[in-house]
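Visitor: I grabbed these lines from TrEMBL:
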DOMAIN    3-179  domain 'Pentraxin (PTX)'
DISULFID  C34-C93  disulfide bond
Amino acid sequence: DLYRKVFVFRKDPSDAFVVLKAKLEQPLHNFTVCLRSYTDLARPHSLFSYATKNQDNEILLFKPRMGEYRFYVGGKFVTFRVPEGHRDWEHVCASWESATGIAEFWLNGKPWPRKGLQKGYTVGATAAILLGQEQDSFGGGFDFYNSFSGEMADVYLWDVGLSPDKMRAAYLSLRLPPA
């Protein structure tokens, strides 16, 4: 439970990362990942990286530049262009559904236009899940110039797509029941 917990990534570039232990019992056909970050980085950086032995970018939330997020599922990605931040906390949620291939992206409690991504794909269950680094191999292969520097909080991964009400609740830091 990472509710109201903050990780501080204090070096830039960095070899630091946080390993998340998830109890996934089966492959994912739907999921939502949410987190809050605060950084002054202008260079590319990874926020959330979920890798399997077969696919290093199984799920990846990556910020290649100011005003842009890339959301990866199964090695493919869609880009969401957002207003440039004002050096403040940013809350992001990314959701994906295999049956339709619909990818959703929410920034600070507001949805962006949905996009299509990897319809029919299945996300593997045996995963290395890291915050602050992008995996180029299972559990490693880091490029330190893609590392995150700053603060990260309120990290969640659900095995369902959240409803709009629950997306807003995540943004407002309300306690959500397990999805």
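Backbone N, Cα and C define each Cβ position, glycine as well.
Small disclaimer: the values here were computed from a predicted structure and weren't measured.
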Visitor: Any same-chain residues 6+ apart from C93 (disulfide bond) with CB under 8 Å of its CB? Would you list them in sequence order, or say none?
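Guide: In sequence order, the residues whose Cβ lies under 8 Å from that of C93 (disulfide bond) (at least 6 apart) are T32, V33, C34, E104, F105, W106, L162, M167, A170, Y171.
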Visitor: For C34 (disulfide bond), list the number of other Cβ atoms lying within 10 Å of its Cβ atom.
Guide: 23
Visitor: Express the predicted model's confidence over the domain 'Pentraxin (PTX)' (3-179) as a mean pLDDT, rounded to an integer.
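Guide: Taking every residue of the domain 'Pentraxin (PTX)' (3-179) together, the mean pLDDT is 93.
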